[in-house]
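What Swiss-Prot says about this protein:
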BINDING   ALA35, GLY36, HIS37, ASP55, PHE84, ASP105, GLN112  S-adenosyl-L-methionine binding site
Amino acid sequence: MTKEFHHITVLLHETVDMLDIKPDGIYVDATLGGAGHSSYLLSKLNDNGHLYCFDQDQKAIDNAQVFLKSYVDRGMVTFIKANFRHLKSELNALGVTEIDGILYDLGVSSPQLDERERGFSYKQDAPLDMRMDSDAALTAYHVVNDYPFQDLVRIFFKYGEDKFSKQIARKIEQARAIKPIETTAELAEIIKSAKPAKELKKKGHPAKQIFQAIRIEVNDELGAADESIQEAMTMLALNGRISVITFHSLEDRLTKQLFKEASTVDVPKGIPFIPEDMQPKFELVTRKPILPSQEELLANNRAHSAKLRVARKVRM
């Protein structure tokens, strides 16, 4: 891993081991990032196995080309620069119609957070950006300066779950009427000014939830995850598995709901047994989410909110 792309992988062994890797299987890392999961997964494959890696960030792919060079040279890995919401079409274009397993590590990678100019963090001043794909049109600047008041309130409530969403949206509206809000530091100060003093004394940065909400809006993170996970589940082979790491309640709720829908069936009253064609296609490998160990939490502070859920395809 290059110094420019340093990333500590969360729930490394649990996420990959839960896929029950077949050495000659076809696998997908839907969120390449720092390539930690990819590296460990590739170590379990033989030369007949293959891993397809998705990332919107060209820097992540460039880093992985170097970090995974030995596997690249053996023709065991293919990199795809695309949003994982296009999973099925991108894989189909490469002749892949069925996969043995897939993993997702949702959220922002550490290098994106740490790279000041990407504008993800409220901890350092930078232009408002927050794009995971630097070629995308919509930026945080556009959301903050151009979205109507009601749209700001909606995304702050929906994606940030911040009870002061209206007050924050009003402060933003007032500030941008004077001059555009251009940097993360400016926005963080406006958010702080909208919250009562007792809120500012609470643990955690007062801007965290609003920054999360804007980031989710800019990248349509939940919409993309919903589409991609559903596509992945249709592409899994029999006994294929899907591992999903989430970092906040919205992602976890979405994953839990998708897995529940795929692993349960509503039986109409009066039917004594469930016909085979109505049986659920998936079963939960994890009834409750797997959490990082105490050792991992001590080594990596960013692992604190991580949850891993896994499901297995039991019927086609």
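Cβ coordinates come from backbone N, Cα and C, glycine included.
Annotated features taken from Swiss-Prot, shown on the structure.
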{"residue": "ALA35", "record": "S-adenosyl-L-methionine binding site", "CB count, 10 Å": "28"}
{"residue": "GLY36", "record": "S-adenosyl-L-methionine binding site", "CB count, 10 Å": "21"}
{"residue": "HIS37", "record": "S-adenosyl-L-methionine binding site", "CB count, 10 Å": "28"}
{"residue": "ASP55", "record": "S-adenosyl-L-methionine binding site", "CB count, 10 Å": "26"}
{"residue": "PHE84", "record": "S-adenosyl-L-methionine binding site", "CB count, 10 Å": "25"}
{"residue": "ASP105", "record": "S-adenosyl-L-methionine binding site", "CB count, 10 Å": "26"}
- DSSP state at HIS37 (S-adenosyl-L-methionine binding site), helix/strand/coil: helix
